[in-house]
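Q: Annotation comment: Swiss-Prot describes 65-363 as domain 'AB hydrolase-1'. Look at Swiss-Prot and you will find S160 tagged as active site, nucleophile. What Swiss-Prot records for R230, D359 is substrate binding site. Among the features that Swiss-Prot reports, active site is placed at D328, H358.
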Amino acid sequence: MNPEFLPASGASRTVSIGDVVTEAGVTIFDAELRYFAFYDSPDGAADYAEFSAGPEPGLSPEERPIVLIEHALTGDGNAADWWADMVGPNKPIDTTRYLVLCANVLGGCQGSTGPSSPHPDGQAWGSRFPGLSIRDMVTAERQLLERVGVTKIHALIGASMGGARVLEWSLMHPEMINAALPIAVSARASAWQIGLQSSQIRFIEADPAWHGGDYYDTGEVPSHGLGQARRIAHLTYRGELEVDERFGVDPQNGENPYGPYRDPHQRFAVESYLDRQAEKLVARFDAGSYVVLTDALNRHDVGRSRGGMNAALGSCEVPTMVVGVDTDILYPLHQQEHLSRNLGDFIGMSKITSPTGHDGFLIESRQMGQALAKFLAKAEIIAEGTEGAEGTARA
């Protein structure tokens with residue numbers, strides 16, 4: 001990586017990546033992506049034998065193998081925050097050994113160009129922001145890496161929507177990737193997923209404050225619609241048994257949902273929980289970005305224009321390990337098992353056992369850490385083999 005583009009560890013930088021042309025032929029002028037970098041000095045680092053796989057510490061950050069992390073739908077580039085148990089010195093993704101990068105996705109609202117960003121005419125893009133595919137996001141990230149001087153990704157890791165980007169990266173730019181790890185994702189959106197996700201979009205679009213997507217200069221925010229979308233989405237991120245065990249049919253403290261008439265202020269405990277999740281998202285995320293990114297998930301299909309899903313997976317040349325969660329109702333485990341049966345260079349699968357559902361990759365730190373350790377150990381072996389083969393060829 002060009003050291004001129006390397007921010008301080010834990011900090012971010014926003015760079016212009018030029019125009020991005022979508023699959024559908026729409027140009028996003030002078031797009032920007034914001035990215036975070038994580039790296040630490042090995043001085044004084046304790047031995048962490050359980051997760052010891054990786055290059056020897058001591059290389060300067062820009063010389064280290066690069067781990068590129070792809071965040072999920074409403075995530076951001078600050079991977080050491082939302083994946084704090086996984087990213088850091090002497091953690092599974094060891095920042096004393098690797099240079100870890102994570103970019104905010106195109107279409108988002110965390111510093112990269114999206115619907116809330118200024119159009120060249122000075123107004124917000126709003127409804128003029130084009131529909132995106134997962135491939136468009138990868139195109140933007142590829143332009144970012146080219147801009148900052150990255151030519152090789154040692155390990156590509158992503159979950160949920162990030163996992164979809166991992167799969168597309170592997171098919172679009174296999175020459176750049178040493179090894180890949182998609183987590184809790186599928187090869188394409190299922191009809192069930194599209195139904196769930198499009199229903200969330202409809203709630204936002206039905207909010208009077210949406211104004212057809214052009215609400216940015218109105219002083220209004222479609223917070224009700226975004227909150228309703230989050231309530232639906234959050235249930236799909238958790239496990240059914242876990243939610244029932246936590247809340248059951250208990251009323252919220254001080255409220256009585258068993259009264260003679262329906263009263264929205266008299267809630268079950270689970271309703272209060274979902275209301276709180278909605279409030280938190282509304283406070284930090286843009287409804288326009290939520291629509292664009294959720295629509296991109298609906299469009300996800302690795303088989304489109306590649307001869308079908310299985311043919312596309314079979315053509316994948318990147319050594320790929322897969323992780324799934326046994327209680328995931330958003331991306332059920334059978335979808336990761338399908339990946340494992342059809343990927344062209346499949347190198348293993350790990351199953352996270354958890355009552356917490358899709359969010360298990362965030363919650364089950366011990367199991368996720370073990371899976372990452374296995375993957376990064378495999379990535380090292382692959383890299384050593386590649387270097388050996390290249391040396392033999394040169395000889």
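Cβ coordinates come from backbone N, Cα and C, glycine included.
Map these features onto the structure and tell me what's around them.
A: Sequence-distant neighbours of S160 (active site, nucleophile): residues of the same chain at least 6 apart with a C-beta under 8 Å from its C-beta are A72, L73, I183, A184, V185, L330, Y331, H358, F361.
Over all protein chains present, the Cβ of D359 (substrate binding site) has 23 other Cβ atoms lying within 10 Å.
If you take the C-beta of D328 (active site) and look for same-chain residues 6 or more apart in sequence within under 8 angstroms, you find A184, G357, H358, G360.
Residue density at H358 (active site): 27 other Cβ atoms are found within 10 A of its Cβ, drawing on all protein chains shown.
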Q: Restricting to the chain of R230 (substrate binding site) and a gap of 6 or more, list residues whose Cβ falls under 8 Å of its Cβ, or answer none.
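A: Q200, L274, Q277, A278, L281, V282 - these are the non-local Cβ neighbours of R230 (substrate binding site), listed in sequence order.
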